[in-house]
Ligand code: GLU
C-alpha cells in the first residue's frame, strides 16, 4: 500500500463548551498532524439536533485559535472535502445508508418506543442484536411488500446495522495495542432516522472519516466502544484497506485521581475546566475559563500536552515546536492522568519568566489602568522585569508592585513598630542630603555611596535600609532597596523618604 498523507480530524459535537479534555484531544491531533507533515481537519458533528447548543461551534473555534491549534481544513477554514458540518451533508449520507441496505448489512426497523420498552421489560438486559432482531418489527421479519407499505403509509423507521455475531473484531490501537472484541456483544446500532432524515453519529462519523481520507483517529477513550463498529462498517462498505489507525487517549482524572474530571471538580477546587469563559445560553450560568483566569495560551498547551504523555525524559517546559518534534502516540499513557491544576499554575509562572518584559508590560498596562494608573510603558517594562519572578499570573503583578506606581500613604503598623527606630527620622534626614548630592542615581553607585556614608557615620546598616524600605514601599517587602531607588528616580525617592519622616516622626 502506498503511504497516504497523514490526515487527522478533531470532530466535536457542538453540545456546549469544549471541556479541557477535548482541548487536549485537539492538541494531540494537531501535534501528530504537524509532526507528520499532515493535515488537521475540524469537523462539526451536529447530527443530534436535540443536543445542539447555539454558540458552541464558535466557542470551539475561538478557544483553539487562542491556543494556537490551527486547522488546515474544516468549518471556518475551507478545504476540498467539505462541507465540514455534518448537518450540511445529509444527501451524502443517504447514499451510504442505501448501499448498506442493498448489501444486506443493514435493515429497516419500525419498532415504536413503546414496543421497545415492552421488550426491555420482557427480556432481561435486552439488546437489539442477532439474538433478538428476529422477534422485532423490521424488514428482516416483514415481507418486502409489508415493509414498503409501512414506509409508504408514512410510518417512521430507523435503519439499523446488521452485526454478524461470533466474530472477533480487531482494533489496532496505537496506545492500547491490539484490542479484540467479539461482535456478539455489539448491538445493531441505529444509523439513520427517518423522523429527522439524518444519520446518527455512528454512520456520519465513519462515512466522513472515509470521505475525508482520515488516516488516524485520535480521540478520547470513551469512544473506544465505537471502534469495532468503525472497523466493521469500513469492511461492509469495502474500504478495509484504508482503515484508519486508532489511538484512544486515556481520561483526565479528578485531581485526587478517582474518577473522571468534571466541571464540578473545577467549581469545588477553584480551577477552570474550560479554555474560555462560557456563558451557557440555556441556564445563563457562567463558567470560568483559562483565558479569563489569566493563563497564557503557551502555558495551557504545555500543561495539557504533559497530561497523559511525556517526552521520555524530564524536560517539562516545551514550546509548541518542541512538542511537535517530540510528540509520540506510543508514549501516551494507557491509564488516566490526574488533573494536577497546581502544575498548571507552575507552567504559567514558567512562561511568564520566559516571556519578553515588553509583552508582559503590555498585558499589565490594562490592569494598571483599572487601578487608575497611567504609566510610561518603558517604566512598566522595567518594573515587571524586576517583579515577574514573584507571580504566576499577570494580574498578581499589581499586588506585588503597586508601590512602584503609587506612593504609600499609609505604613504597615507591624513593620513600623519593628523597623522605624527612635533615630530613624534624624538619620533619614541626613540620608536625603547624601542622596540629593549623588549623581547619577544608578543601582551600584547609589548603593556604594549610601554604604560608605553609613560606615563613616557608624550607623547601623540594617536599621537605615529597613526604615528606607518602609518609606519607599509602605511595608517590609519588595526587591533590593537600590533597585527600587533607581526605578523610582531621585526626586520620587527623596519625596517618599521625606513623607515618611513627616508622618512617622
Ligand atoms: N463527535 C464525537 C465527539 O463529540 C467525536 C468522536 C470521534 O472523534 O470519533 O467527541
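Each residue, glycine too, has its Cβ placed from N, Cα and C.
The ATP binding site annotation in TrEMBL covers 263. Taken from TrEMBL, the feature domain 'Glutamyl/glutaminyl-tRNA synthetase class Ib catalytic' applies to 5-343. The domain 'Aminoacyl-tRNA synthetase class I anticodon-binding' annotation in TrEMBL covers 360-501. According to TrEMBL, the motif ''HIGH' region' annotation covers 12-22. Feature annotation from TrEMBL assigns motif ''KMSKS' region' to 260-264.
Per-residue pLDDT, averaged along the domain 'Aminoacyl-tRNA synthetase class I anticodon-binding' (360-501), amounts to 96 for this model. With a cut-off of 8 Å between Cβ atoms, the residues of this chain six or more beyond the motif ''HIGH' region' (12-22) that come close are 44-46, 48, 51-53, 56-57, 59-60, 63-64, 201, 220, 251-252, 261, 263, 272-276, 278, 280, 287, 290, 304, 339.
DSSP labels the residues of the domain 'Aminoacyl-tRNA synthetase class I anticodon-binding' (360-501) in these numbers: 105 helix, 0 strand, 37 coil.
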